[in-house]
Amino acid sequence: MFYTETYDVIVIGGGHAGTEAALAPARMGLKTLLLTHNVDTLGQMSCNPAIGGIGKGHLVKEVDAMGGLMAHAADKAGIQFRTLNSSKGPAVRATRAQADRVLYRQAVRTALENQPNLDIFQQEATDILIEQDRVTGVSTKMGLIFRAKSVVLTAGTFLAGKIHIGLENYEGGRAGDPASVNLSYRLRDLGLRVDRLKTGTPPRIDARTINFDILAKQHGDAVLPVFSFMGSVSDHPQQIPCYITHTNEQTHEVIRNNLDRSPMYTGVIEGIGPRYCPSIEDKVMRFADRNSHQIYLEPEGLTSNEVYPNGISTSLPFDVQMGIVNSMKGLEKARIIKPGYAIEYDYFDPRDLKPTLETKAISGLFFAGQINGTTGYEEAAAQGLLAGINAGLYVQEKEAWYPRRDQSYTGVLVDDLCTLGTKEPYRVFTSRAEYRLLLREDNADIRLTPIAHELGLIDEARWARFNQKMEKIEQERQRLRSIWLHPRSEYLEEANKVLGSPLVREASGEDLLRRPEMTYDILTSLTPYKPAIEDREAVEQVEIAIKYQGYIEHQQEEIEKQKRHENTAIPANFDYSKVSGLSNEVRAKLEQHRPVSIGQASRISGITPAAISIILVNLKKQGMLKRGE
């Protein structure tokens with residue numbers, strides 16, 4: 001049975017990738033359908049109740065800069081905000097919010113239900129319809145067929161998901177939700193490379209059974225950060241603390257004595273887990289010299305008694321989980337509400353994707369989120385946004401868009417996945433970016449909002465506010481560079497009181513601000529440089545741009561050198577077998593990866609600079625290089 005309407009874009013899955021993937025084409029004016037097995041779990045935080053962190057906060061800001069939802073929802077739901085690495089340089093500072101699960105889900109659902117051009121339908125997708133290697137629609141469990149010009153698949157951990165608690169296991173997409181088995185079989189039939197990954201979650205503890213009085217408190221920042229460029233502190237709900245406890249030798253003994261009942265250590269689980277979020281049994285065995293691990297007790301919400309013990313993800317049997325929990329300080333009498341578990345699921349090799357996240361094999365079919373081998377809400381949201389944008393551009397027969405590595409962390413993420421692939425759940429870190437001084441949280445809107453405006457992703461109110469901010473930044477910089485202080489100035493004594501060394505030659509406001517002891521607030525407290533502007537976002541940009549000008553210019557010069565051939569396109573039908581001078585190994589890798597550009601080809605393991613030169617020569621011979629390349 002066919003549904004009466006035809007859609008431009010269908011998105012399968014209502015998690016963090018799916019919600020962004022559905023909103024993007026709808027904002028672009030395209031008729032979009034979001035298919036989910038349960039509308040009540042839209043935007044569900046399946047694991048830890050937190051958004052952001054090192055690298056991850058950067059992704060949230062980038063999604064927000066392009067009109068995405070995650071930052072807005074985090075502001076509405078955040079019950080503890082912190083700026084991580086606040087004492088370090090601006091490149092690695094990151095925002096993190098502890099979130100109320102219910103408020104977060106409400107914010108997501110409200111945004112989806114009020115988005116023009118977006119329909120939501122509750123039904124499990126069981127098949128993707130394809131004709132002549134081109135997607136044509138989706139069929140569901142009840143036999144209803146939806147026709148569409150493009151499809152974005154964001155199935156999370158649901159594809160052939162299997163939940164493990166001890167040596168018992170059963171099919172499931174997450175606790176309480178069914179796995180998507182039929183769709184997994186269908187995707188395997190398409191000839192895409194598939195493998196298994198694993199992730200896990202800790203048991204949830206009843207707050208009423210925890211002795212918080214003997215535990216250390218962790219409060220949020222006194223000056224609360226805001227995630228969205230359009231948000232404000234007034235969006236935040238009540239702020240509450242987290243608490244800290246530790247594992248101990250008794251905890252570790254309980255774990256070591258029960259490894260024969262662990263699905264990971266008995267070979268029942270074959271999928272590889274996330275390196276940077278290991279289970280407690282992994283931590284105890286891998287770091288045997290440590291007699292304690294820090295555990296954060298994170299509240300799941302303002303109206304919930306559930307507590308998330310961050311740091312004890314486990315798939316050990318329930319009785320062992322009780323032993324682990326009750327062995328820790330403050331948790332001696334704690335009761336588990338939900339057991340921890342591990343989940344294995346299918347993921348598809350992201351090297352079979354274009355950088356737009358469209359599959360190379362099927363036109364109009366896009367993948368985003370954990371199906372591509374990533375871990376984390378933020379990584380999923382960034383991919384969902386990108387896939388949704390390109391699904392919309394595909395429908396309109398417009399040129400695809402994807403960010404470069406020097407343009408955003410989303411660009412780093414996608415390039416890493418599509419070029420190198422992954423054998424373990426991939427997460428973003430600031431260390432993965434070569435040009436991280438340019439990819440800061442604070443300038444995500446400067447980097448990406450103009451592009452979002454061109455693509456039709458943001459409204460005019462947001463665009464006007466962005467332009468006002470840019471005008472303030474430029475006006476203030478011009479003001480500071482036009483006001484000079486010289487050794488004979490009547491204000492010299494006032495300035496020398498705050499300068500590390502006396503002023504001996506004429507200096508502009510920008511020159512003074514470059515001094516390590518000087519800040520914008522100190523500078524604008526001096527009589528010649530009063531008054532300060534009130535917009536703190538603009539102040540931050542002015543200060544960073546001036547203080548780090550030399551470093552920023554150096555990185556931009558490096559980028560320009562690199563870009564000479566970075567974006568040189570390699571045609572999809574380029575025949576490497578006819579390129580003489582390439583080794584068989586290099587030729588095989590290029591045939592396997594089918595890189596879309598010289599830059600992508602250069603990052604494939606084993607592809608030498610000499611091989612790149614040979615390819616460039618052949619592209620030039622065949623007239624495939626543009627003038628100047």
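Glycine too: its Cβ is placed from the backbone N, Cα and C atoms.
Feature annotations, courtesy of Swiss-Prot:
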- Gly13, Gly14, Gly15, His16, Ala17, Gly18: FAD binding site (BINDING)
- 273-287: NAD(+) binding site (BINDING)
- Message: Which one is it: of the binding-site residues His16, Gly273, Phe287, which Cβ has the fewest other Cβ atoms within 10 Å in this structure?
- Response: Phe287
- Message: Tell me the Cα distance separating Phe287 (NAD(+) binding site) from His16 (FAD binding site), rounded to the nearest angstrom.
- Response: 33
- Phe287 (NAD(+) binding site) versus binding-site residues Gly13, Ala17, Gly18 - nearest by Cα: Ala17
- Message: Nearest by CA distance to Gly15 (FAD binding site): which of the binding-site residues is it, out of Arg275, Cys277, Lys283?
- Response: Cys277
- Those binding-site residues listed as Ala17, Cys277, Met285, and which of them has the most Cβ atoms within 10 Å of its own Cβ: Ala17
- Task: May I have the list of same-chain residues other than Gly13, Gly14, Gly15, His16, Ala17, Gly18 whose Cβ is within 8 Å of the Cβ centroid of the recorded FAD site, in sequence order?
- Result: Val11, Thr19, Glu20, Ala21, Thr36, Gly43, Thr154, Gly156, Gly369, Ala380, Gly384
- Note on the structure: As a whole number of Å, the Cα atom of Cys277 (NAD(+) binding site) is distant from the Cα atom of Gly18 (FAD binding site) by 23
- Taking just the CA atoms, what is the gap between Gly13 (FAD binding site) and Gly273 (NAD(+) binding site) in Å? 22
- Across every protein chain in view, the count of C-beta atoms other than its own within 10 A of the C-beta of Arg275 (NAD(+) binding site) is 12
- Task: Specify the count of other C-beta atoms within 10 Å of the C-beta of Gly14 (FAD binding site).
- Result: 28
- Query: For Ser279 (NAD(+) binding site), what residues in its own chain, 6 or more apart in sequence, show a Cβ-Cβ distance under 8 Å?
  - Reply: Gly200, Met264, Gly273, Ser313, Thr314, Ser315, Ala342
- Message: Nearest by CA distance to Lys283 (NAD(+) binding site): which of the binding-site residues is it, out of Gly14, Ala17, Gly18?
- Response: Ala17
- Of the binding-site residues Arg275, Glu281, Met285, which one sits closest to Ala17 (FAD binding site) when you measure Cα to Cα? Arg275
